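This report refers to the structure that appears directly beneath it.
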Amino acid sequence: MAKKECVAQYKDESSMLRSRRDKMNTGEQSPVSTHHESTQEENTEDDRLSEGDSQSLNGTSAQHDQGIYSPNNEAQSTVFFLLVVLLSFSTRLYKIMEPPHVCWDETHFGKMGSYYINRTFFFDVHPPLGKMLIGLAGYMTGYDGTYPFLKPGDKYEHHNYWGMRGFCASLGSCLPPFAYLTVLELSQSLTAALITAAVLAFDTGCITISQYILLDPILMFFIMGAVLSMVKFNRQRYRPFSAPWWFWLVLTGVNLSGALGVKFVGLFVILLVGLNTARDLWSLLGDLHLSLMDFGKHLLSRVFGLILLPLFLYVTIFAVHFVVLNKSGPGDGFFSSAFQSRLIGNNLHNASMPEYLAYGSVITVKNLRIAGGYLHSHWHLYPEGVGAKQQQVTAYLHKDYNNMWLVHRPNDSDAQSGEPDLVRHGDIIRLEHKETTRNLHSHLHEAPLTKKHFQVTGYGINGTGDPNDLWQVEVCGGQKGNLVKVLRSKVRFLHRATGCVLYSSGKTLPKWGWEQVEVTCSPYLKETPNSQWNIEDHINTKLPNISLSVLKPHFLEILLESHIVMIRGNSGLKPKDNEMNSKPWHWPINYQGLRFSGVNETEYRVYLLGNPVIWWLNLVSLGLYVVMVAAASLALRRGVQLDKRRIEHCRVLLEGGGLLLLGWLLHYVPFYTMGRILYYHHYFPAMLFSSMLTGITLDTLLQSADLWLRPPYSHWLLRGGQAMLFLAILDSFYMFHPLSYGMRGPLAHDPDSTMAGLKWMDSWEF
């Protein structure tokens, strides 16, 4: 009976509050809304219990904060929201111009903003929206795109950089207000929302990462925007197809496209919204009073708002990207010859060259694997213990004079007068490196990294070598006698002595190989892009030229190619020797930060590290949440008699907290599976969800004071706990704020340092 009484009581209160809310918001209910409510009222008590979590999250206005916040008191909520906005912007815009030099990854993303202003094409492993917005912010605030951003520590001098930093800081300042509104919607508790806002507003890590020209504040802005819009949309479920319902649905889709358009990490919030949507549709499908026609409308509206619209906007971002970056730049070599032909200033743009390969020609040879590189050699030799100590042959991703090769017959009898002979399918050739005059060579020594392949080297002097310098040209899909077409023919080079095929493995060589791409000779003769090449540059004054304008690819082709290059580039980001990186288990415990600026006591030092009190509080709250959810679930399952306020606490923990826990897991756990290099800043999207979960968990814990003490002692415990929590957050911010706003003078181990006594872990480096 206890279980049924609780359910009936909760049902009556939910109906009354939902009716009052709908009348306040709309004056009267739409027919669809009324029909859906009546459907819910006809559910059995057991169905109400199993589905009540969803309705409690989205359809009730719980007044469990003992007078601190009433959902109808919008003025009070607005005042606190404005206070959160003020604190957030003031903490992030403070000292925004300091230090006046390049810090950490500003060298990359500031430079890319300059590329957009100058319309110069470049390559990056992330989608373009973040860099595009940085460039736009710089352009709108007077930056002319001339600063080189060469390395951290370079002075900005007279260059105008405040607009780009200010733009990133402004988006980062939106995170605490967004989190405040999200938690307020999920919990209907002003205290929970204020705890969340305080945690984010006074976290030194969130402040630091928002103050510089980086992608992270832009990414987190769209992630939090998507989560807030999704929660707001969930609240509109009793007013389907109304203007607010459509507004929040469309805004969710816009933010999803923005998150993915900045970094591929945006896929995680897309998955979160997708799971929430699938659950919502499953609930609607189980409503037998909702016709299949109406369910179809719900399904199609979500397909439009959460799939088609974000996809259209995402593709539009790339369309703008390709239109703006129409000049040749440092990213050309990562892309195919056809892609390069569309870039103004590239040697293939509106170019003309001989159509067919001939003996005596000077050529460059490009691997057809995306980001496979140009066949390249240089004066450096392979080190001791790496095959034969002969000249290195690699694949290089940039245009360079050392990419040039001469095409010879095996016996050096190239035609010296008249029309040169053309190279055909099946011909035996020798490739001589133009700069060093050594021949492309292979032998039975194993390759440097791909041990089952053979080493490729440069061998001989002035073109004189041995039979291991001979290669047979094979046009893929060709027949004996077919000519080799420049750019259009896919060519393989078969080594005559060993029978292997010239191959770009895609693996990055160590520093002795200048971190270029390994070239091998593969004994596995299956045709793959790694073993296929095309002739890109072709110089031969004795042959007539043709226009290459026919090579320009269509938009969908360059869109697909750019994504393949980005994905492979991302997976190729491996730790370099002595490079600072971290592991996912380091992040939640705040094990190690990142130097943004300065190392010694004479420099202006900024250190990215989360406020340890806040981060460890988040970690403790995760454990508390699991324990509290287990207790709440057990109580509900066993039918323990609970008052309506306690039932609502359970609903908030299970629904609101469950959504945030899922968001944290989706943004954190996948990093354990990634092979690419990882840094501390990768945890910050997950930290947003952890902080919101902390607000709900600690608020619910404090609201449960009456479980241990009777009034008025429980009330004193509640107020005392809240006061101590906010004071601890403020005091810890005061102690650690130099991490964000800059430190000068002695290091932390010195008693005279501003951070003396605050180096609580040996792994911290400030």
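Cβ atoms here come from the backbone N, Cα and C positions, even for glycine.
Note that TrEMBL annotation is computational and uncurated.
Listed in TrEMBL:
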- 1-15: compositional bias 'Basic and acidic residues' (COMPBIAS)
- 52-69: compositional bias 'Polar residues' (COMPBIAS)
- 354-410: domain 'MIR' (DOMAIN)
- 420-476: domain 'MIR' (DOMAIN)
- 481-538: domain 'MIR' (DOMAIN)
- 1-69: region 'Disordered' (REGION)
- 178-202: transmembrane segment (TRANSMEM)
- 214-233: transmembrane segment (TRANSMEM)
- 245-278: transmembrane segment (TRANSMEM)
- 299-324: transmembrane segment (TRANSMEM)
- 613-636: transmembrane segment (TRANSMEM)
- 652-671: transmembrane segment (TRANSMEM)
- 683-704: transmembrane segment (TRANSMEM)
- 716-736: transmembrane segment (TRANSMEM)
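Below 8 angstroms of C-beta separation, residues 116, 119, 127-129, 132, 241, 246, 249-250, 252-254, 256-258, 260-261, 270, 273-274, 277, 281, 555, 558-559, 562 of the same chain, each at least six residues beyond the ends of the transmembrane segment (299-324), sit close to that stretch.
The stretch from 178-202, 214-233, 613-636, 652-671, 716-736 that makes the most Cβ contacts under 8 Å with the transmembrane segment (245-278) is 214-233. Pairs of Cβ atoms less than 8 Å apart link the transmembrane segment (214-233) most often to 683-704, out of 613-636, 652-671, 683-704, 716-736. In terms of C-beta pairs under 8 Å, the stretch of 178-202, 683-704, 716-736 lying closest in packing to the transmembrane segment (613-636) is 683-704.
It is 683-704 that, among the stretches 652-671, 683-704, 716-736, forms the most Cβ pairs under 8 Å with the transmembrane segment (178-202). With DSSP states grouped into helix (H, G, I), strand (E, B) and coil, the domain 'MIR' (354-410) comes out at 3 helix, 27 strand, 27 coil. Long-range contacts of the transmembrane segment (716-736) within its own chain (CB-CB distance under 8 A, at least 6 residues past either end) are made by residues 66, 191, 194-195, 198-199, 202-204, 609, 611-614, 617, 698, 702-703, 705, 708-709, 758. Nonlocal intrachain contacts for the transmembrane segment (652-671), taken as residues 6+ away from its ends with a CB within less than 8 angstroms of a stretch CB, comprise 53-54, 56-57, 62, 183, 186-189, 223, 227, 231, 265, 268-269, 271-272, 275-276, 584, 587-588, 622, 625, 628-629, 632-633, 678, 682-683, 685-686, 689-690, 692-693, 696-697, 700. Beyond the transmembrane segment (683-704), the same-chain residues lying 6 or more positions past its ends with a Cβ under 8 Å from any Cβ of the stretch are 64-66, 175, 179, 182-183, 186-187, 189, 191-197, 199-200, 203, 205-206, 209, 216, 219-220, 223-224, 265, 268-269, 584, 587-588, 610, 614-615, 617-619, 621-622, 624-625, 628, 646, 649, 652-653, 656-657, 660-661, 663-664, 667-668, 671, 717-718, 721-722, 725. For the domain 'MIR' (354-410), the mean pLDDT of the prediction comes to 92. Here the domain 'MIR' (420-476) is broken down by DSSP into helix, strand and coil counts: 3 helix, 29 strand, 25 coil.
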